[in-house]
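According to TrEMBL, the features are:
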- Glu83, Phe84, Thr85, Arg114, Gln128, Glu132, Arg257, Tyr261, Tyr262: L-histidine binding site (BINDING)
- 21-334: domain 'Aminoacyl-transfer RNA synthetases class-II family profile' (DOMAIN)
Amino acid sequence: MSSSFRAPKGVSEYVPPSADLLYAVREAFAEQARLAGYGYMELAVFEDTNLFRRGVGESTDVVSKEMYTFEDRGGRSLTLRPEFTASVLRSVLENNLHKGALPVKVWTTGPAFRAERPQQGRFRQFYQLDLEAIGSEDPRVDAETIAIAWNWYRSVGLTRVRLLLNSLGCRECRPAYRALLQDFLRGLDLDDDTRARVELNPLRVLDDKRPQVRAQLANAPLVADHLCPACKAHHDRVRELLADLGIEWEDTPALVRGLDYYTRTTYEFDHPLLGAQSGIGGGGRYDGLSEDIGGPPLPGIGFGLGLDRTLLAMDAEARERESAAESAAFTVRPRCQAFGVPLGETAERRLFTLVAELRRAGIAADMAFGGKKLKGAMKDADRSGARYAVILGERDIADGVAQVKDLAEGEQTAVPLTEIVTTLKERLAP
């Protein structure tokens, strides 16, 4: 009988084996970040609401419609984080990391929360990987962050990811473009909500996916045509650096992000097999965000990669490979490689210590508990996903051996107890 309680609607949860995959792709990202010199952070899950109001922007959908905000017992307004960048920057400033070597290079991961309508690939609690480089305007840092995400996608077997690239200009050149865009948008046939957005956040109208709006945007002025010389030079350099790294991109003049703090380099990772929810990650530069939240002038760039959608993309590509009879591109280390099957109390005690020895040797090992008979214990071994079962009975103990069974091939051999660890290490070696 199951519990009458259920997870709240729209919450993304993972249990084995999908949670094992989630953990493995996080580990793969941690390695990419480590190789590039990024340190790990653990952050608060909730923040002062004003951090997001000032940092993300009052006019954004995230702040105006999607935040989970509550008042604590002290009357303070707090919000579950809807994104990571503002929190990372707040922590960097609070802990004076910006007073050391620049750029400050950090990454983090965990859940974020938005009160959206749940659908495929879109959840109210979702999981992200976040990486930030704070304190440098160097276009090489822009290219580096893109390369880290790109290399990670490749490392987990994704080959169909597309990089969409744009520049949103800076706080010097964007106001003139913003006014020009508003003049254009005011002449279109738009609904009342979209007209309100024209006045508050006109760049977001460019991201409208509705066909009746997209058709009217065909001749909209593009920010790429109105960049100041410094922004144009910066964007050209980022593109040159990506070409040097062998990373392909698509210039996407209408690409904007849903948060107000973005400046200059803006990018998105897109996967064509995911349909309407094809965006699996994205980021950009936020050179004025530090000042917006009360800090010193401090340029920055970073990204957030959606783990939920990344797993969907991995599944879509895996199914494509299966239909083409191709091998898997990313494999997860099994939670169990060797499973102990004790037959009798003496065997239980001996196997318990042997399993501990296997674990110390780096072999993932488990065993049957509860005094199960051979049939039940072997069923547990099969369910564990282990490649080998180590079967130990009273006669085996007397002979100083254990029976090692290959659960994939069905072959079984007697191995001296003193050689179990070395034998399994050899057999499990790549």
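Using N, Cα and C of the backbone, Cβ positions are placed for all residues, glycine too.
All features noted in TrEMBL, drawn onto the structure.
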residue	record	contacts (Cβ under 8 Å, 6+ apart)
Gln128	L-histidine binding site	Glu83, Phe84, Thr109, Gly110, Pro111, Ala112, Gly304, Leu305, Gly306, Leu307
Arg257	L-histidine binding site	Leu168, Thr266, Glu268, Gly282, Gly283, Gly284
Tyr262	L-histidine binding site	Leu168, Val256, Gly284, Arg285, Tyr286
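Under the three-state DSSP scheme, Thr85 (L-histidine binding site) falls in the helix class. Comparing local CB density within 10 A for the binding-site residues Glu83, Thr85, the maximum falls on Thr85. Under the three-state DSSP scheme, Arg257 (L-histidine binding site) falls in the coil class. Mean model confidence of the domain 'Aminoacyl-transfer RNA synthetases class-II family profile' (21-334) amounts to 91 (pLDDT, 0 to 100 scale). In the three-state DSSP scheme, Gln128 (L-histidine binding site) falls into the strand class.
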